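Q: If you look up Swiss-Prot, you'll see 45 marked as active site, proton donor. As annotated by Swiss-Prot, NADP(+) binding site applies to 13, 18, 40, 140, 194, 196, 198, 204, 218, 286, 290, 293, 294, 327, with the evidence given as experimental evidence. According to Swiss-Prot, the feature citrate binding site maps to 109, 228, 231, an assignment based on a curator's inference. Annotation source Swiss-Prot lists phosphoserine at 2, citing a large-scale study or a structure entry. Taken from Swiss-Prot, the feature site 'Lowers pKa of active site Tyr' covers 73, and the record attributes it to similarity to another entry.
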């Protein structure tokens, strides 16, 4: 059971791809009007268009008095590494696109196993000393790497990471076993991405859909489709969702919440996220309508115990083939 409701962060991955400037701008406004303040983007999202769109909104990001917090990431992909020069290039390019002097949170998007981590961390510390970001974050690192990084930073007097962004939802709970205790020990808060398992937990898909023609989504018609298919498109996942849908109908009858409502409420009320420790859920979207629906669901209350039990049964069905939280 969650302790106090986790915060909500706006995931900007689809800005500049499935969302144009107008819908992106409207989504940011809708998000901020509900009292949320943090936006998450990355150097690689939509080939830089996500950051560019956010920078053009005139939010005054990274400046004194700005209530909106912005996070971005450097990644070892598309010809880049996490060597010092590439980390600097990515962050400084992100700052130009975002039109801000500094970001509130700068992540290492995932590990670069070809670069000694000490080199990357020292480069991050230098960039922090230059005032180019406030907090350091990690994403997609295995728990022993997190422990190693925290130990190295403490030993060398470098900036310590304070946030970890990882994959977590009702049917993807690998992070609970070893990563969460590690993060609590070192004082990192956890930001969950894929809270709806790429859309699988909306309940709108059937296993057989993989063989037909489908509208564009995380699973179909985009550069990351195969990644998401490999993560979540397994028969046991659909069997688990059916268990939850049955429990919803049995427990609530004709007024049963939707599958997506149940999945969002599980994240905010029944997961291991703790609002008191600064944990958060990253909500992405492919349209303004979808975002407004999900933001309304965030404000709903806890689920009945029978539905929480059904989510646990679903997790037990799929745990053996849970995708790794690290790369």
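Cβ atoms here come from the backbone N, Cα and C positions, even for glycine.
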Q: Measuring Cα to Cα, tell me the gap between residue 73 (site 'Lowers pKa of active site Tyr') and residue 13 (NADP(+) binding site) in whole angstrom.
A: 12
Q: Among all the protein chains here, how many other CB atoms are within 10 A of the CB of residue 290 (NADP(+) binding site)?
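A: Summing over all protein chains shown, residue 290 (NADP(+) binding site) has 18 other Cβ atoms within 10 Å.
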Q: Would you work out the biggest C-alpha to C-alpha distance among 109, 228, 231, the residues that bind citrate according to the record, and give it in angstrom as a whole number?
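A: For the residues that bind citrate, the greatest Cα distance is 18 Å.
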Q: According to DSSP, collapsed to three classes, what secondary structure does residue 228 (citrate binding site) have?
A: helix
Q: Given the recorded positions 45, 228, and counting only Cβ atoms in the protein chains shown, which has the most within 10 Å of its Cβ?
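A: Its Cβ has the most other Cβ atoms within 10 Å: 45.
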Q: Within its own chain, what residues at least 6 apart in sequence put their Cβ under 8 Å from the Cβ of residue 218 (NADP(+) binding site), listed in sequence order?
A: 198, 199, 224, 225, 228
Q: Rounded to the nearest Å, what's the C-alpha distance separating residue 194 (NADP(+) binding site) and residue 109 (citrate binding site)? Just drop the number here, would you?
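A: Computed Cα spacing between residue 194 (NADP(+) binding site) and residue 109 (citrate binding site) is 15 Å.
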Q: What subset of the binding-site residues 109, 290, 294 lies within 10 angstroms of residue 45 (active site, proton donor) at the C-alpha level?
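A: So the list reads none.
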Q: If you draw a 10 Å sphere on the Cβ of residue 231 (citrate binding site), how many other Cβ atoms land inside?
A: 22
Q: For each of the binding-site residues (194, 294), count the other CB atoms lying within 10 A of its CB, then report the residue with the highest count.
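A: Most Cβ neighbours within 10 Å: 194.
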Q: For residue 198 (NADP(+) binding site), just give me the three-state DSSP call.
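A: Assignment for residue 198 (NADP(+) binding site) reads helix.
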Q: Measuring CB to CB from residue 13 (NADP(+) binding site), give everything in the same chain under 8 Å that is also at least six residues away in sequence.
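A: Result: 41, 42, 45, 46, 50, 284.
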Q: Please report the number of other Cβ atoms within 10 Å of the Cβ of residue 73 (site 'Lowers pKa of active site Tyr').
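A: There are 25 such Cβ atoms around residue 73 (site 'Lowers pKa of active site Tyr').
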